Amino acid sequence: MKKITIAIDGFSSCGKSTMAKDLAREVGYVYVDTGAMYRAVTLYALENNMFLPDGGIDADALRRKMGDIGISFRLNEATGRPDTYLNGERVEDKIRSMEVSDHVSPVAALPFVRSAMVALQQAMGRDKGVVMDGRDIGTTVFPDAELKIYVTASAEVRAQRRFDELKSKGMDADFDDILRNVKERDYIDSHRDVSPLRKADDAIELDNSHMTIAEQKQWLLERFHEACQKQAD
Ligand SMILES: Nc1ncnc2c1ncn2[C@@H]1O[C@H](COP(=O)(O)OP(=O)(O)OP(=O)(O)O)[C@@H](O)[C@H]1O
Ligand SMILES: Nc1ccn([C@@H]2O[C@H](COP(=O)(O)O)[C@@H](O)[C@H]2O)c(=O)n1
């Protein structure tokens, strides 16, 4: 069967990567978490003191250093999932911190950051057989993807899911703080000039507010088989 490209976009913390990883594993495709790439650039900027005292980013300093930022994924044998590496260091935990979450959207709005990440993502998906999740995969990275999904859920449901996740990992979590971050990122991501978050015209919308993980996995698998069938006809 010919491999296809699957683009999963949507708001923060709505379950995109959970769905994407599950599907990739089920059908033997490569999974790419593009949010992790923007998070890695943000971590680099934080660790290299590129944020100004007022919280803004020193864009010129980051632009000069873009060539020094190496982002890659390596399969974690224990989890069976890819981990994110920044210049050879495994940064999977660091990039999920609240500090990175609080700084990532302004970094991801910078045109030179986006063009560098989009080029990497297009190279990763060149041979198809990829499930990629993010904000602009169906609109900018792979506008010709055979299957595009746009996931939504209420901000409160999403914040609760993230809160539960952090608690279950034994990490500090404050619901109001998470809700504020989710809403703030949604706003910046959907209002930036370059590739704002929006549903591609040909994307299938899924509101998973009242779905279980197992139900959304099954739903996506069905959409995958339909898209493959359409491709074969
Ligand atoms: N249908 C669901 N019901 C309950 N919890 C869910 C559901 N889907 C995902 N989750 C949980 O919600 C949390 C956020 O999911 P996930 O990380 O997949 O979202 P995301 O959209 O990829 O987020 P981000 O954009 O921030 O990377 C995870 O803890 C995940 O296990
Ligand atoms: N294709 C993408 C993916 C992500 N972003 C930005 O990164 C932030 C973190 O992404 P998560 O998926 O890990 O939540 C996100 O809020 C966006 O600002 C992006 O711009 N494009």
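Residue numbers in this text run from 1 along the chain shown.
Cβ from N, Cα, C; glycine included.
Annotation comment: TrEMBL describes Gly10, Phe11, Ser12, Ser13, Cys14, Gly15, Lys16, Ser17, Thr18 as ATP binding site. The domain 'Cytidylate kinase' annotation in TrEMBL covers 6-223.
Once Cβ contacts within 10 Å are tallied over all protein chains shown, the binding-site residues Ser12, Thr18 are led by Ser12. For ligand 2, the nearby binding-site residues are Ser12; that is, of Gly10, Ser12, Cys14, Thr18, these have a C-beta under 6 Å from one of its atoms.
Looking only at the domain 'Cytidylate kinase' (6-223), the predicted model's pLDDT averages out at 95. Mapped onto three states, the DSSP output places Ser12 (ATP binding site) in coil. The ATP site, placed at the center of the C-beta atoms of Gly10, Phe11, Ser12, Ser13, Cys14, Gly15, Lys16, Ser17, Thr18, has further neighbours from the same chain whose C-beta lies within 8 angstroms: Asp133, Val151, Ala153, Arg158. The C-beta environment of Lys16 (ATP binding site), restricted to residues of the same chain at least 6 apart in sequence and closer than 8 Å, consists of Ile8, Asp9, Gly10, Asp133, Gly134, Val151. Secondary structure from DSSP puts Thr18 (ATP binding site) in a helix.
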